[in-house]
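The structure appears below as structure tokens.
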């Protein structure tokens, strides 16, 4: 700042103790920071983290419905009826299933469950079923029920899968047997059957008499004939032959017919699907606790109102969308600019250009004033409430945008058959990557908009005051206005609430402006005179110095001689 400006400011501040009003915004001691598209770690007065990272660490009831733990049985052992799993046969309803990945009781006889992954996926969407007898064992005719030491019940007695019947010869005969099941339940029914593949032709004859038996399974839409494939396979539980178990979901009114002369594992019990829903089969060793949750994962329950979570992708229930980011902070306040230590001349109040105000209560934007009654500060609640409403809408819009788009993708897969739905699980990683990026980009954009909105709100408030005061004040350019008339606290309130009467103070303001302009002109004239005198004196001193320096130089070099005569 040049000497003239300093002198003018000193004269004005000394001669005129003007009333002033400033527009500003809140600043706090908050350490919150957010990222925008162009900046990182921007200080803000407040923010919220949209990503949930906490969970219960336990299995909980989901919306009041308890889960079911399969105990020592795997899903396969439970669904086909391993005799060691009889304690689970009464299960009817669950919110989700829990399977111990190392459960000892699976398929007790060597073999496999066909399309096991698809059946698991089907049961991920079932909430309740009932177990029902499909075909009575006694109706099949001249065959015996088979049992094996590989499948022992809880008493140690040889047995077999409780939902199937293994037919073997009776009185050295195995005639062609045939039965049909008609689904008259009005609901979908899960029907299972199987084929036993002996280790040799001799074993085939021993069990079924016929050397080349067959099994024919027929529905209204397909038919398949099974031949026994003899051979030694890797075994366990003392058995080397093989059993393959099949299943079909029959819709109301459909029927299925079984015809065989050896090797058939016939259906006995099936499952009536009473309610479909959104379920899951979780596999983890965490315990079941007495708790309730809105969202369950294999590592724990999630109870939150946040938009996203990064705990686990395969979550069940009313869950935030999974993203890979561990933190996404959304600005809910304004840019946090600390107040300057020195406020104007002599500690005077200052506007938003010089930083925020730590003393602003119940608002983000407001006014400070200075008059004969002292210094006051007040929030502008109307502009603050509008900003809060905008941010609330912004948060809701983020939730709607993410939910709507994500669910529309999942909806496309739910309209096609189950195998393609299984593919949806496999591409979820790619979908998660896309939505993690989208979520981060959306939050960065919204943070930019929020901070720009706050800046605009402060400028709009400043412009509103400028238009209200008109020529009755001088805009100092820092967010403050120097009033050209006396303005007590009541007058300041009219400026804040927009009821200020400009004409009431116009004459006083006009006189004050003329007085200030006169002081400025006189001050400028005095400054110019002072500068002229200082310039003349300085020039003379420099000239005398040059002359003395020249004389001394000539004397030293012998070119100058002084003669003194008496």
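Even glycines carry a Cβ here, placed using N, Cα and C.
Keep in mind that this is a model prediction, so the values were computed, not measured.
Annotation for residue 291 (disulfide bond): same-chain Cβ neighbours under 8 Å, separated by at least 6 residues, are 56, 58, 60, 61, 301. Taken from Swiss-Prot, the feature disulfide bond applies to 60-291 (among others), supported by sequence analysis.
When secondary structure is read from DSSP and collapsed to three states, residue 85 (disulfide bond) falls in the helix class. In sequence order, 70, 71, 72, 73, 77, 78, 105 are the residues of the chain that are 6 or more apart from residue 85 (disulfide bond) and have a CB within less than 8 Å of its CB. Among the features that Swiss-Prot reports, disulfide bond is placed at 73-85 (among others).
For 108-151 (among others), the entry in Swiss-Prot reads disulfide bond. Every protein chain considered, the tally of other Cβ atoms within 10 Å of the Cβ of residue 108 (disulfide bond) stands at 25.
Feature annotation from Swiss-Prot assigns disulfide bond to 295-319 (among others). Residue density at residue 295 (disulfide bond): 23 other Cβ atoms are found within 10 A of its Cβ, drawing on all protein chains shown.
In sequence order, 19, 21, 369, 371, 495, 505 constitute the residues six or more apart from residue 487 (disulfide bond) in its chain with CB-CB distances below 8 Å. Residues or ranges marked as disulfide bond in Swiss-Prot (evidence: sequence analysis): 487-491 (among others).
Mapped onto three states, the DSSP output places residue 29 (N-linked glycosylation site) in coil. Summarising the annotation, Swiss-Prot assigns N-linked glycosylation site to 29 (among others) and lists sequence analysis as the type of evidence.
What Swiss-Prot lists as N-linked glycosylation site is 54 (among others), and the listing cites sequence analysis. Residue 54 (N-linked glycosylation site) falls outside any helix or strand according to DSSP and counts as coil. Around residue 54 (N-linked glycosylation site), taking its Cβ as the centre, 12 other Cβ atoms fall within 10 Å, counting all chains.
Cβ neighbours of residue 182 (N-linked glycosylation site) (same chain, under 8 Å, six or more residues apart in sequence): 254, 255. The N-linked glycosylation site feature in Swiss-Prot is assigned to 182 (among others); the stated evidence is sequence analysis.
Sequence-distant contacts of residue 183 (N-linked glycosylation site), defined as residues of its own chain at least six apart whose C-beta falls under 8 angstroms from its C-beta, comprise 189, 250, 251, 252, 253, 254, 255. For 183 (among others), the entry in Swiss-Prot reads N-linked glycosylation site, with the evidence type sequence analysis.
The annotation N-linked glycosylation site is assigned in Swiss-Prot to 305 (among others) on the grounds of sequence analysis. For residue 305 (N-linked glycosylation site), applying a Cβ distance below 8 Å and a minimum sequence separation of six or more within one chain yields no residues.
Around residue 488 (N-linked glycosylation site), the same-chain residues at least 6 positions away in sequence with a Cβ under 8 Å from its Cβ are 371, 372, 373. The N-linked glycosylation site feature in Swiss-Prot is assigned to 488 (among others); the stated evidence is sequence analysis.
DSSP gives residue 497 (N-linked glycosylation site) a helix state. According to Swiss-Prot, the feature N-linked glycosylation site maps to 497 (among others).
Annotation comment: Swiss-Prot describes 501 (among others) as N-linked glycosylation site. Close to residue 501 (N-linked glycosylation site) in the fold, though at least 6 residues off in sequence, lie 494, each with a CB less than 8 Å from its CB.
Residues or ranges marked as S-palmitoyl cysteine in Swiss-Prot (evidence: sequence analysis): 555 (among others).
What Swiss-Prot records for 565 (among others) is S-palmitoyl cysteine.
Here Swiss-Prot flags 1-18 as signal peptide.
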Among the disulfide-bonded residues listed here (60, 73, 491), identify the one with the smallest other-Cβ count within 10 Å.
491
Rounded to a whole angstrom, what is the C-alpha distance between residue 319 (disulfide bond) and residue 497 (N-linked glycosylation site)?
45
If you count other C-beta atoms within 10 angstroms, which of the glycosylation sites 29, 497 is the most crowded?
497
Fill in the CA-CA distance, residue 54 (N-linked glycosylation site) to residue 295 (disulfide bond), as an integer in Å.
12
Most Cβ neighbours within 10 Å: which of the disulfide-bonded residues 151, 319 is it?
151
Could you tell me the C-alpha distance between residue 108 (disulfide bond) and residue 295 (disulfide bond) in angstrom, no decimals?
34
